[in-house]
Amino acid sequence: VEDDYTTFYSNAEDYWKEVPPTVDGMLGGYGSISSIDINGSKAFLQKFLGEGEGKTGTSCALDCGAGIGRITKRLLLPLFNTVDLVDVTQEFLDKAKTYLGEESKRVGNYICTGLQEFAPECGRYDIIWIQWVIGHLTDNHLVEFLRRCQKALRPNGLIVIKDNVSYEGVVPDEVDSSICRDLEILHSLANQAGLRIVHEEQQMNFPKEIYQVHTLALR
């Protein structure tokens with residue numbers, strides 16, 4: 001089994017090394033949906049952020065599988081004082097420094113590693129944003145990663161997973177060496193990680209031919 005997942009990870013790394021460091025590259029040719037995506041995410045996040053009892057703070061966010069920083073630029077930097085980016089592809093993080101422009105001065109850390117090996121700093125983050133990347137982790141690695149994320153939250157912090165959801169079961173994608181899980185499996189893995197679902201919704205207005213995309217807030 002160990003060998004299986006060595007290639008599961010190395011094949012994905014090889015795939016992303018060949019992807020151009022552009023928004024279209026990040027979104028597999030669907031660059032046109034970026035604004036719909038960001039607007040949906042912003043509406044989702046704003047339910048939780050703000051001043052007052054139980055509200056999530058805005059000091060620091062983590063962008064997981066950040067790529068060139070598409071989400072950091074349009075969602076996280078406008079809402080948080082500091083944002084850290086983590087991605088397995090160094091070229092994407094190098095590109096992020098110019099793509100993010102002047103606002104890149106508010107990036108805390110650019111971290112080049114796979115999430116299966118990444119331990120975020122304890123108690124640092126108000127929001128840990130995990131979008132279109134959980135399919136690159138095995139079930140066990142995802143559960144372990146989510147546990148580490150929970151420890152990395154500030155008081156009232158949230159983990160947000162936004163990702164493709166299959167109709168039933170696990171659907172492998174040989175092209176980028178990833179899998180797509182159904183909602184029931186995703187709930188079960190979050191549960192195994194000791195997380196509860198605070199809120200969940202489906203992203204609307206995406207093209208009909210792509211998977212449904214769901215957003216889950218967990219803590």
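Note that Cβ sites are derived from N, Cα and C of the backbone, with glycine treated the same way.
Copied over from TrEMBL, here are the features:
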type	residues	note
BINDING	Gly65, Arg70, Asp87, Val88, Thr89, Leu115, Gln116, Gln131	S-adenosyl-L-methionine binding site
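Feature map: annotations from TrEMBL on the structure.
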| residue | record | CB count, 10 Å |
| --- | --- | --- |
| Gly65 | S-adenosyl-L-methionine binding site | 25 |
| Arg70 | S-adenosyl-L-methionine binding site | 25 |
| Asp87 | S-adenosyl-L-methionine binding site | 25 |
| Val88 | S-adenosyl-L-methionine binding site | 23 |
| Thr89 | S-adenosyl-L-methionine binding site | 21 |
| Leu115 | S-adenosyl-L-methionine binding site | 24 |
| Gln116 | S-adenosyl-L-methionine binding site | 17 |
| Gln131 | S-adenosyl-L-methionine binding site | 21 |
